[in-house]
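Asks: Mind having a look at this structure? Questions to follow.
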């Protein structure tokens with residue numbers, strides 16, 4: 001009897017972020033990682049939401065264009081932009097800039113836009129969504145902020161607070177429809193998109209998808 005099983009398309013995470021990779025691994029589904037080569041500079045006059053959505057879609061499309069897959073691929077692109085006092089907050093890159101970020105946000109609310117795109121190369125369809133998270137920071141002594149930074153070295157994280165680690169101690173409250181959005185990959189939105197693309201999330205084993 002011929003094999004009539006319809007196999008799902010290859011799933012690719014378009015990201016170099018170890019945090020996003022760790023989140024996607026929670027779902028227990030097979031995927032590959034390809035880092036997009038993309039200029040992530042915001043456009044003049046672009047809102048934080050527009051920047052995040054544009055970059056998430058651009059990452060997914062850029063990676064899809066490099067993949068030779070006759071059966072198609074599903075590519076996950078994600079981008080996060082933080083905004084505070086009307087300005088976009090980037091990744092600090094250094095200890096000094098991270099400390100300055102945290103000091104400026106003491107007792108204040110920061111808005112995080114976690115944009116997600118699922119691009120289906122079979123149809124050319126791109127599902128996109130922006131999940132907004134409001135975060136209120138505690139007021140802490142600068143010495144504690146410095147100690148946190150030396151412990152976590154979150155210099156590749158927008159806003160300098162890694163909520164999945166010790167950074168949670170910097171926060172008073174998190175308000176979001178998706179608890180994984182703040183870490184960088186909104187899994188509630190992603191699983192909704194995968195279902196819409198007919199991806200079999202509940203296959204019993206990895207072998208069922210091979």
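Each Cβ is built from the backbone N, Cα and C atoms, and glycine gets one as well.
According to Swiss-Prot, the feature active site, proton acceptor maps to 79, an assignment based on sequence analysis. What Swiss-Prot lists as site 'Important for substrate specificity' is 19, 80, 164, and the listing cites sequence analysis.
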Asks: Among the recorded positions listed here (79, 164), identify the one with the smallest other-Cβ count within 10 Å.
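Replies: Sparsest of the recorded positions 79, 164 by Cβ contacts within 10 Å: 164.
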Asks: Nearest to residue 164 (site 'Important for substrate specificity') by Cα, among 19, 79, 80 (recorded positions)?
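Replies: Comparing Cα positions, the closest of these recorded positions turns out to be 19.
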Asks: Sequence gap of 6 or more, Cβ distance under 8 Å: name the residues on the same chain that satisfy this around residue 19 (site 'Important for substrate specificity'), in order along the sequence.
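Replies: Within the chain, residue 19 (site 'Important for substrate specificity') has Cβ neighbours under 8 Å at 157, 162, 164, 183, 184, 185.
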Asks: Using Cβ-Cβ distances, find the residues under 8 Å from residue 80 (site 'Important for substrate specificity') that belong to the same chain and are at least 6 apart in sequence, listing them in sequence order.
Replies: 52, 112, 113, 114, 115, 158, 184
Asks: For residue 79 (active site, proton acceptor), name the DSSP secondary structure in the helix/strand/coil scheme.
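Replies: Looking at the DSSP assignment, residue 79 (active site, proton acceptor) belongs to a strand.
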